[in-house]
Ligand SMILES: *[C@@H]1O[C@H](CO)[C@@H](O)[C@H](O)[C@H]1NC(C)=O
Ligand SMILES: *[C@@H]1O[C@H](CO)[C@@H](O)[C@H](O)[C@H]1NC(C)=O
Ligand SMILES: *[C@@H]1O[C@H](CO)[C@@H](O)[C@H](O)[C@H]1NC(C)=O
Ligand SMILES: *[C@@H]1O[C@H](CO)[C@@H](O)[C@H](O)[C@H]1NC(C)=O
Ligand SMILES: *[C@@H]1O[C@H](CO)[C@@H](O)[C@H](O)[C@H]1NC(C)=O
């Protein structure tokens with residue numbers, strides 16, 4: 001029986017993933033992955049030149065992934081006797097390495113297809129098989145497909161196909177996960193500097209708002225410029241301006257006072273996003289005087305540089321925001337800046353993951369240049385070093401304020417990437433992602449029309465974010481202090497001062513169309529759907545209670561006072577929420593490390609089991625797609641998750657755990 005996994009309704013490009021549907025007849029090709037049209041912002045052009053070389057690589061199915069939930073639960077569920085007994089990178093690589101049978105089956109297929117063994121290389125991790133010097137014609141014959149050139153809104157070109165086939169026994173036989181480059185368009189979505197320099201900051205934001213700079217889709221939004229004299233210092237004014245002390249008051253955490261050498265906090269930025277050193281100093285001069293002159297520790301991945309030639313809100317807003325707040329909230333601990341990708345080619349989440357995990361790396365250096373976000377970068381002026389594979393250590397907490405729409409990518413691609421976050425969790429790393437800024441709609445307010453294409457957000461299916469829907473990350477939504485609320489009075493009377501963010505942005509939230517509800521979340525989701533049944537249909541979102549829902553938690557995302565390009569501005573976004581939440585987690589890790597315990601690692605099982613360590617947010621909505629969105633309610637909801645952090649209560653919980 002054919003088991004088509006049809007995602008027709010949800011994808012911008014209509015996706016049909018037939019990864020497990022093949023009839024296992026050796027030699028007979030079956031469609032392995034397919035999309036009906038390129039993702040939004042990409043237009044198909046001419047057929048690719050058959051002699052052009054492609055960095056063809058075959059991702060093998062990993063072993064033991066069906067035990068992934070169990071493994072991760074054992075180190076992150078507070079009830080487990082192995083809580084916080086984290087794995088080493090070697091433990092992880094050994095457990096999930098593909099089988100020798102997968103390797104030999106794929107090698108045999110390549111040999112039978114006329115590719116000599118001398119041109120086939122297996123990565124040391126055994127996860128990828130590369131065909132050295134493959135041409136477009138060879139790939140077309142091998143995969144029974146046609147490659148075309150596609151052009152992105154920002155002018156980048158990409159070689160891709162819209163469907164490919166492989167022998168049935170390899171598709172069905174748990175051997176091949178996915179093949180690249182084929183129909184995955186994630187790479188190079190971060191516009192290069194040359195593209196950006198043609199546009200001013202406003203257009204860059206508008207571009208992101210049209211979902212063309214997908215990775216930049218969560219660019220925070222800029223509000224009013226502030227006169228420095230008008231910056232508030234009293235907590236009474238946290239309804240109009242958020243400064244570090246407002247966050248400390250809201251979430252009851254003190255300034256940091258120790259710097260355990262084992263503690264670390266990483267912020268991920270994609271070039272050409274860059275912080276401006278003078279902006280940090282301007283911020284510190286006002287809010288953290290001892291830090292004037294301090295900078296984050298730079299971890300430059302694939303030639304990542306903190307470029308200073310181009311400056312505008314579009315280039316600096318995200319980085320300045322993330323780094324100013326993370327550095328001042330956790331001081332005297334330090335922040336590591338993972339700056340990913342060179343200025344010419346940019347980078348994708350996979351480049352970052354490759355840098356942390358050699359076993360995920362598609363290349364082992366020296367491979368041919370490619371269309372993809374591959375390093376060394378073949379383009380003029382690009383980074384010529386080898387791609388960074390497993391060269392960087394993961395920090396205890398990693399916060400990323402960039403994201404895709406789930407519908408921009410294929411399920412196979414997303415599932416594979418999601419498993420990397422699971423592996424980081426096994427090693428005790430907390431992975432945080434902003435949940436998105438468009439409520440139930442996707443980046444740029446896009447929703448999914450009945451034809452499967454984006455429809456500019458007036459109606460249609462809700463458009464969840466990725467990796468917000470990956471069950472192995474902690475997705476962070478946004479809240480705000482409503483105008484007129486004095487948080488000092490609220491806190492004194494034990495009233496929740498915050499509601500879901502409805503100023504400039506709406507907290508991203510909803511239900512995944514790809515991932516199943518994880519066990520740690522099932523009861524919370526079921527409680528929400530049965531207690532407050534939303535008046536929407538299954539055509540609008542997966543209402544079965546079986547889909548992974550997000551966000552998991554939230555933190556303030558409105559009115560942040562940020563020094564950008566020499567002046568103070570108000571900034572909005574889940575882009576602010578994630579680094580703030582990560583700062584609180586880092587302070588908790590500090591306290592655990594100081595008494596000889598390990599970092600908290602993957603947080604979700606502990607937080608869903610102990611929701612009272614969060615400040616429940618029960619008001620506000622996250623509109624989108626022509627609807628008011630979901631309601632924040634008592635208990636978990638798909639707007640603000642379990643709520644905002646209560647540091648003192650979280651500290652009590654996590655210090656008591658092994
Ligand atoms: C790949 O191509 C390069 C130059 O075109 C050549 O030097 C190299 O030997 C080729 N590699 C293999 C394994 O065929
Ligand atoms: C911020 O710095 C400026 C310039 O030094 C100063 O005028 C202003 O009073 C400061 N504001 C606060 C809240 O510290
Ligand atoms: C969405 O907006 C763009 C730009 O205005 C337009 O070209 C496109 O046709 C619109 N799509 C739909 C489905 O309305
Ligand atoms: C809803 O999500 C579950 C879990 O991922 C899936 O099994 C089910 O097919 C989805 N329902 C629809 C209508 O897509
Ligand atoms: C939100 O709450 C309002 C008022 O109780 C209700 O009318 C509406 O249906 C709710 N919306 C959702 C999505 O649950």
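The backbone N, Cα and C atoms fix where each Cβ goes, and this holds for glycine too.
According to TrEMBL, the protein has these features:
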- 1-22: signal peptide (SIGNAL)
- 24-46: region 'Disordered' (REGION)
- 241-657: domain 'Peptidase S53' (DOMAIN)
- 318: active site, charge relay system (ACT_SITE)
- 322: active site, charge relay system (ACT_SITE)
- 575: active site, charge relay system (ACT_SITE)
- 616, 617, 635, 637: Ca(2+) binding site (BINDING)
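Shown are the recorded positions 318, 322, 616, 637; the one with the most C-beta atoms within 10 angstroms of its own C-beta is 637.
Same-chain residues that are not part of 616, 617, 635, 637 yet have a Cβ within 8 Å of the Cβ center of the Ca(2+) site turn out to be 618, 632, 633, 634, 636, 640, 641, 642, 643.
Its own atom aside, the Cβ of residue 635 (Ca(2+) binding site) has 16 Cβ atoms within 10 angstroms in the protein chains shown.
Counting only the Cα atoms, the space from residue 322 (active site, charge relay system) to residue 637 (Ca(2+) binding site) is about 26 angstrom. Put simply, of the recorded positions 318, 617, 637, the one whose Cα is nearest the Cα of residue 575 (active site, charge relay system) is 318.
Cβ neighbours of residue 617 (Ca(2+) binding site) (same chain, under 8 Å, six or more residues apart in sequence): 479, 496, 498, 499, 500, 554, 632, 637, 639, 640, 643, 644. Averaged across the domain 'Peptidase S53' (241-657), pLDDT for the predicted model comes to 93. Residue 322 (active site, charge relay system) carries a helical DSSP state (H, G or I). Residue density at residue 575 (active site, charge relay system): 29 other Cβ atoms are found within 10 A of its Cβ, drawing on all protein chains shown. Taking the C-alpha positions, the distance from residue 616 (Ca(2+) binding site) to residue 318 (active site, charge relay system) comes to 27 Å.
For the pair formed by residue 635 (Ca(2+) binding site) and residue 318 (active site, charge relay system), distance between Cα atoms is given as 31 Å, rounded to the nearest Å. Residue 575 (active site, charge relay system) falls within a helix when secondary structure is assigned with DSSP. The DSSP secondary structure for residue 617 (Ca(2+) binding site) is coil.
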